[in-house]
Amino acid sequence: MKKLYIFLALMALVSPVFGVWLANLIGYHEPLDVAADMINEVANETLHKVILQDVSDQMNWTPLKDYTVPGLPDWLGYIISAYIGLAIFIALWLVARRVKKTR
Amino acid sequence: MHIPDGYLDPISAGVTWAIMLIYGFFAYRKAALGKNLEVVVGLAAAIFIAQMFNWPIPGGTSLHLVGGALAAIMLGPFEAFFVLLLVLLAQTLVFHDGGITTLGANVINMGVVAPLVGWAAWRLLSRYNKPLAAAVAGWASITVAGMAAGFEIGVSPYFPYAWTISVPVMTTWHALLGIVEGVITAAVVEYLLRRAPQYVRV
């Protein structure tokens, strides 16, 4: 299991190539956003209203929204976010291992 | 596939949260979490990192592995629920990827529907051809989960006619995206069967 976490830590270093650089290159949109735009387009024609509105920005609770870190370039924020996520799972894994040992 | 805040009305959000909690209780009783907890957490970490790899698709979108079918093939659908629940909790609470009001719907789509559909397809087809079964499982899991997402955002007391629009759009779109999920699922399952078959438990 340790090897897996080392491998994932190395993968995290490469992740901005896909999550930031290539995403910016093609003008990335979440597939659901694209589908929502299509739905809104049809709904606007048939129901005469836009029905799907993302209000994430109005009710945000984290400074790390969308895997960014305030004040840091996107690629570095993306790597740090990956490591924060990984740290959470490693902490959970350590707890799981301890629970298993105590049983 | 992460539904953001604002796409579901309060009633739909409440109902999907309730379904998530009820299914979670059922899955907790069915899953052998005590035995598999380390693998569940390890797989959740792997899917979390895999989901940070957005593969660009011509036309201005990109996609990443969801992993519901893969987790179900490796551990079974009930353990897979907890894998995806951990991933979605971290993504939602720490990175606001997916809404808090829509967490129930997102867990249903990616943690309930995708693993159950992927698991059923794998169980049905794996005796004939394992890579093909894994590919179909991955593809079907995303397509049906996309359909479920379309149903959730369409069925709302505020917009009673919207599901006839949202379901076809979401299903068609995710049926296309599901091809890549199928290919990745098949590749990982094939690799595991050759190198570490103990991790393909279903």
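Placed from the backbone N, Cα and C atoms, the Cβ positions cover glycine too.
Record features, source TrEMBL:
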- B:7-27: transmembrane segment (TRANSMEM)
- B:39-57: transmembrane segment (TRANSMEM)
- B:69-95: transmembrane segment (TRANSMEM)
- B:107-125: transmembrane segment (TRANSMEM)
- B:132-153: transmembrane segment (TRANSMEM)
- B:173-193: transmembrane segment (TRANSMEM)
Exercise for the section: Mind pulling out the one from B:7-27, B:69-95, B:132-153 with the most Cβ pairs under 8 angstroms to the transmembrane segment (B:39-57)? Expected result: B:69-95
Problem - Proximity verdict for the transmembrane segment (B:7-27) and the transmembrane segment (B:173-193), three or more C-beta pairs under 8 Å - result: no
Practice task
Could you pull out which residues elsewhere in the chain have a CB under 8 Å from any CB of the transmembrane segment (B:107-125), counting only those six or more residues past its ends?
Solution key: 1, 3, 16, 19-20, 23-24, 66, 68-73, 76-77, 80-81, 83-85, 87-88, 132-134, 136-138, 140-142, 144-146, 148-149, 152, 185, 202
